[in-house]
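K.L.:
One structure follows; several queries about it will come next.
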Amino acid sequence: MSDTEKSAQAQPNESAEPSFRYNAKLAQGIEEKWQKIWDDEGTFWAANVNGDLKDGKGHNAEGRPSYFAMDMFPYPSGKGLHVGHPLGYLATDVVSRYHRMKGENVLHAMGYDAFGLPAEQYAVQTGQHPRITTEQNIANMRRQLHRMGLSFDNRRSFATIDPGYVRWTQWIFSRIYDAWYDEDATNPSGSRGCARPISTLVEQFESGKRAIPGFEGKAWADLSEAEQADVLNDFRLAYISKSPVNWCPGLGTVLANEEVTAEGKSERGNFPVFQRELRQWSMRITAYGHRLIEDLDTIDWPEKVKLMQRNWIGESHGASVHFDVETPNGVKDMEIYTTRPDTLFGTTFAVVSPEHHLLEDVPAEWPAETPEDWKGGYATPVEAVKAYRLAAEAKTAKDRVDEAGEKTGLFTGLYAINPITGAKLPLFTADYVLMDYGTGAIMAVPGGDQRDYDFAVKFGLPVIYTVKPLPESGDDLANYEGKAPFVSHDGIVINSSIDATKAKGDSLSLDGLRVDEAIDKVNAWLESAGVGKGTVSYRLRDWLFSRQRYWGEPFPIVYGEDGTPHLLPDEQLPINLPDVPDYSPKTFDPEDAESDPEAPLSRNEDWVKVELDLGDGKKTYYRDTNTMPNWAGSCWYYMRYLDPTDTKHMVEKDEFDYWMGPDHNKTAGKSGGVDLYIGGVEHAVLHLLYSRFWHKVLFDLGYVDSMEPFHKLFNQGMIQAYAYTDDRGQYVPAAEVVEGPADANGEPTFTWNGQHANREFGKMGKSLKNIITPDDMYENYGADTFRLYEMGMGPLAESRPWNTRNVVGSMRFLQRLWRNVIDETTGEVRVTDGELDTKTLKLLNNTIADVTVEMEAMRPNTAIAKLIVLNNHLTSLDAVPRAAVEPLILMLSPIAPHICEELWSKLGHTESLAHADWPKADERYVGQDSVTAVVQIKGKVRAKLEVSPDIDPKELEKMALEAVADRLGGKEPRKVIVKAPKIVSIVPAE
């Protein structure tokens, strides 16, 4: 029997029930009632400092500490939510409700990330325009989330496709485009390096303070408009480049490195990705590499996410070295980056990427005595390079760098000159060198690198060892010579001495030094010789920012007849997408590496070609036909929650300082930012890194006052579920699977349509045919039961199994709470106003103290367990005292708000408990002795419970069974042995 069928059987029997029993029908009525009250009264409105959103439920921001909690907003690309999606939303809501009850001004809202590939692909599948399907999906998601009872300030909701939002996304792009990174300037946080308006760079060129690259000796005014644009393009933080990109024919667009899997496939769709040289927009995120690493120390994020970002950015210290390359067109410069400049004496050849510019200067004929196996069977270097470039384009990036793959390469006919030794190094091209990593050129040291060694062996190139093992290591270089490279950063430098260097004519010796000492010495020599310097490099590549899609933000850029880009003035924003029927991208055979992108907007000539006056009279311009990636809107959306009605500012300064500024509350710290951001760890090197980059640019330019967007990050786990396959391996509907008797090994059996079915455990998803929706839960149990079950399943940060059979346990808790307050027969309140006995006082105050700790630590599951203990105790009393049940209701309300609002109202309170004071423990009764009860199944400890020393054995048994319900699979145990208060031993049913 499937979980869905069992859930139906597990429903409380509503026939012949008392008239006022808490059941699914009553819950639905209560929930809809309170959701309407909350909406009508603006219960969850947060109060701004100024503007239209200043009033918040009769409160204002003055004197109230702010707290900003938010979720990673959803992509409205499917047909709605399943029960796994809201885990983070519910957690954020619980925290938000708790902080409101602490007297804080809480901002909690929800928007929709509506642009990008997911929404467009869904629209293509359904045959409708992306805007229509996206807005329908938003409406459905909004309904599902509203029905969940989430405490959003709905005045602050928006979608990234809203024209008013697109305007500010394009405005931010304009500021980034109109900025450059000055490494010598001091940023507002006091560290080195700062984004500055591009006008300040122009001033330096005009005044002569800075030489004009490529035009040394010329005045800025002597350059043409196109020449000036080209120079500035090399400095802008958003710039146009013709460079190797990840081209995905199956999707018809280019992808950022972060959107390509380790297998060289597109993250979405799993299509092959190829390296192509195309003209694209990029963002100079690498300029912020060091700050993006350094500032991780200022924020409260999971260490695993910090590590993922550090590794992705990949800061390394080494040297840039310039080699002269002799070409038919004169001596050219080849810059390489190496982390081991101490091995320059061991360089025996050099390698450039197939996309490297030096390959435009190869000779017409092979040099004399070129070995045949270096030529690859080609008559000339020109033919060889052309063919090799085509072959490289047809490979994925993963294929090119695969350590286990065959090392391919060709001699270019060129030689590079070692700046120290003067040795002529044959220059090869090989596809394992990528143009977008480092400089696209490497010096090869086969004595110290495995890949270089393999390449040298294949092409008969010399191997020079420049490092030997330390004497105390017990190792010897003889173990490697002629067999393998000696790859170590810890050793003694050898074979690295010369009487007269090529670049300076002086002597240089590194022999006898440790590697680190040799690196320092050679770096100093490189700088003194003018052929290099110590530098920092990053694994991180600049962010590829353009897509050949329809459903994205248009760029606020037009091009003149000469191709010069022009930024549109802010008053012309937003630039909206034209409403056209032909919005789908042109896709290709996934293996067609030779295909060329075709942006859908290029087909709309009336939109592309425009007459504009940009200050020098009306002229014809052409719009950029690329669109921004789906990450653009999500880079800054957190700030728009502060006031989406503001038409004058991206974010107004006073509002930013109040909600997100440095030290805006006791926990914000100097980094400032959102107080709590909940979302999946899968966004660690995508959205989270991009948002930090945009935020830092805006910080440098003075538009925001905090150096980080998100102060505290919390990654929720995943809700998992069973899925079922037939004997062909095809997934079958989980709701139609029937559980049969156990097999000979005691394992359950399953059938679908009378045929054997196999059960597996993993994700919940449409393709797995095991989706359970929140709507199912609302109908069968109510939103509060759903919230209570999901929050009580286990620690928020861990993945956990969904089991519909166990949802009824959460409903029974709410039913017991209801019965403690309401007479099920008459509907009358049944609490008393008597004083609490000592036992109840102790339990109540310890529960308040403990639950407060659990809520602060975001452990709602353990808070629920403690509230169950208190409620069970109240159930055992002859009469339930108001003084005990009201604090219980208040503490449960962040998790199950509707039933708590109803009970609070029935107890005579006229105001919503959403803003009631959180209970405070009376310290006189806190800290009383408790014991740890161990729950064992077949002798193995499966749970631990903190209980009162005088707990009733029956109550302990009930708590123990609830704690291990998932492990029992919904079956009654064969035997339970209770030794209160310390041990519960369970023998499960066979």
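Here the Cβ of each residue, glycine as well, is placed from N, Cα and C on the backbone.
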K.L.:
Write down the single range among 128-132, 328-332, 763-767, 773-777 that appears in Swiss-Prot as motif ''KMSKS' region'.
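P.N.:
Of 128-132, 328-332, 763-767, 773-777, Swiss-Prot gives motif ''KMSKS' region' for 763-767.
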K.L.:
Per DSSP, what is the helix/strand/coil residue tally across the region 'Disordered' (573-602)?
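P.N.:
Counting residues per DSSP class in the region 'Disordered' (573-602), I get 3 helix, 0 strand, 27 coil.
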K.L.:
The motif ''HIGH' region' (74-85): mean pLDDT?
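P.N.:
Result for the motif ''HIGH' region' (74-85): average pLDDT 85.
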K.L.:
Would you mind checking how many other C-beta atoms are within 10 angstroms of the C-beta on Lys766 (ATP binding site)?
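P.N.:
Around Lys766 (ATP binding site), other Cβ atoms within 10 Å: 11.
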K.L.:
Would you identify the secondary structure of Lys766 (ATP binding site) according to DSSP, in three states?
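P.N.:
In the DSSP reduction, Lys766 (ATP binding site) maps to helix.
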K.L.:
What is the three-state DSSP composition of the motif ''HIGH' region' (74-85), stated as helix, strand and coil residue counts?
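P.N.:
For the motif ''HIGH' region' (74-85), the helix, strand and coil counts are 0 helix, 0 strand, 12 coil.
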